[in-house]
Amino acid sequence: MDTKTLSVVQLGLSFFFIFAAFNTQGFIEETAVSAASKTNSAVDKDSGYYSLSIIYAVNMAAMFLAPSIIGFIGPKWSMVFGSSLYCVFLAGFQYLRSWLIYLTSATLGFGASMLWTGQGNYLTLCSTKETVGRNSGILWAMNQTCLISGGIFLYAMFHSKTDKDVSEEEVHVLYLCFLAVCAAGVICLALLRQPKPVTTYKAHMDSKLPAYKVNEAYKGSESDISSTETGDRTHSESQVSVSEEVPVPCMESFVGTFKLLGTRNMMLLAPVFFFMGISMSFWTGIYSTCLSRTNQLAENPNTRVAFNAMALGVGQIFGGGAFGLLGHRTNIFGRTPIILLGAVTHLITYSLVFINLPGESPLRDTDETSVLKTPSNALAIVCGLMLGFADSCWNTQIYSILASMYKKNSAQAFALFRFFMAMAACASFFYSSKLYLHWQLLILVIGAVVSAISFIPVERYAQQLARSTP
C-alpha cells in the first residue's frame, strides 16, 4: 500500500473504534434511559430520543463553523478534538440525569461537526480522481464493521438476561466500556500522518505565478466553483501545485460555505443529504427501538437488538466493500446505478418493515400485532441487513461525488452534507416519539424517490466534468 492508502485505512480504524462505542450505545440509549426513568425520577423516559435530537440540532448549527476551524488547525486535529467530545458524552452516563444528558449531547453535536467534516476533508486530501471511489468504499466498510462488533458485544452482555429492562448499574458498566473503546479511537486519530495536499489555482499558460501570489490565487477558489458549474472554462487555465497547503482565512471560508450552498449542484444534492439524515436516524436508533418494544417477537428484546446490529453491519460492509473494490467500474458506468440500487432496496425494506412491525412500536411497548399478524424475527433481521446495504449504496457514492467535484473546497462541501443530514436527523428523532411507524415509513419512501431523482442530474454533470478534466 502507498502512504495515502495506509492513511485511509488508519482513518477507517479510528472511526471503527469511535463508532463501535457511539453506534452501539445508540441502539440501546432510548431503551436504557427509559428503563432507568422507572427508578430514577431525574431521568425523563424520552430523554434518549431528545438526546439524539439535540446532538443533531447542535451539529447542524455548528456545521457552518467547521470549515473555518478545519482551515485553521487542519483536518487531523479537528477530528481529534471532535472525537474527544464523544468521550465526554459517554462519560456523562456515569451520572444519569436528564439535564446532563442534554448538555453532553450538545457538546457531542459540536464535536461531530469537527469529526465528520474533518474526515471528508482528510479523505479528499488522501485521494485522487482514480482512487476516491475505492477509498470512500474502504473507509465506509471499515467504519461500519463496528456494527458487527457492537452486536456481538450486546449479545454477550444480554443473551442470558431475562429482564428486558437495563438497570442503572448496568448502564454505568456498559458506558465505561464504550468510553474506553472511544478513547482508543481518539488516540488512533492523533497518530495519523499529516496529508500532503495539493493546492490548485488558476494560472495563465504563458506566465508563472509568483509564490507571494499564492494566497490571492487561492482566494479565487469560490469563483472557480461558479465558473466550473456553469461550464465557463477557458483554454488558458492550468493547475499549479504547491508543496504545502495554504489555509483559507476563517471568514472567507465561512462566507464560501454559503456561496457553495447557492450553487445549482449543491441545491440538487440538498434533498439527497436530507433523506440520508432521516434514513440514518431510522436505522441507527428508531428501528432498534421498534424491535425492542414489539412484545410479539419471540426473542429476548435485547438479543433482537444485538442481532439487528450485526445484520446492519454485514449489509454495510458488503456494500461498502463491494463498491470500494469495484470503484474503477463506478468511474466507467457512473454512480447513478448504485444510487438507484440503494433507493429500490430502501423501498422494498420499508414495505417489509411496514408489514412486519406494529404501528405503535416507536412509541411504547406494545402487544399489538402487525399486518403479518405475528411479527417475524427472521424478517426483522433481514430488514436490518437490507437497511445496512442500502445505506452503504448512498453513502459511498455521496462521499465519492463530493470528493471528486469539490477537491479544492471539500471542507465546505462536506460541512453542507453533514448540515442537511443533521437537520433531518434532528427532526426525525423528535417526531419519532410522536408519530406511528407507518407515517415515519411514508416520509422515508417519499424521501428515497425524490433523492434518487435529484441525484441523477448532478451525477451527469460530474461525469461530464471528469471527462473534460485531464
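Cβ atoms are placed via backbone N, Cα and C, with glycine included.
Quick look at what TrEMBL lists:
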TRANSMEM  7-28  transmembrane segment
TRANSMEM  48-70  transmembrane segment
TRANSMEM  77-93  transmembrane segment
TRANSMEM  99-117  transmembrane segment
TRANSMEM  138-158  transmembrane segment
TRANSMEM  173-192  transmembrane segment
TRANSMEM  268-286  transmembrane segment
TRANSMEM  306-326  transmembrane segment
TRANSMEM  338-358  transmembrane segment
TRANSMEM  378-402  transmembrane segment
TRANSMEM  414-431  transmembrane segment
TRANSMEM  437-458  transmembrane segment
The transmembrane segment (338-358) in contact with the transmembrane segment (138-158), cutoff 8 A, at least 3 CB pairs, sep 6+: no
Any contact, the transmembrane segment (77-93) to the transmembrane segment (306-326), with at least 3 Cβ pairs under 8 A: no
Contact yes or no, the transmembrane segment (7-28) and the transmembrane segment (268-286), 3+ Cβ pairs under 8 Å, gap 6+: yes
Any contact, the transmembrane segment (138-158) to the transmembrane segment (306-326), with at least 3 Cβ pairs under 8 A: yes
Winner by Cβ pairs under 8 Å against the transmembrane segment (268-286), considering only 48-70, 173-192, 378-402: 378-402
Long-range neighbours of the transmembrane segment (414-431), counting only residues six or more past its ends (CB under 8 A): 49-50, 52-57, 59-60, 63-64, 66-67, 109, 112-113, 116-117, 119-121, 124, 257, 260-261, 266, 269-270, 273-278, 280-282, 285-286, 398, 402, 440
Long-range Cβ neighbours of the transmembrane segment (48-70) (under 8 Å; 6 or more residues past either end): 26, 29-34, 78, 101-102, 105-106, 108-110, 112-114, 117-118, 121, 250-251, 253-254, 256-258, 277, 281, 285, 411-412, 415-416, 418-419, 421-423, 425-426, 429-430, 432-433
Same-chain residue ranges lying at least 6 outside the transmembrane segment (173-192) that approach it to Cβ under 8 Å: 7, 10-11, 13-22, 24-25, 28, 32, 76, 79-80, 83-84, 86-87, 90-91, 93-94, 122, 153, 157, 166
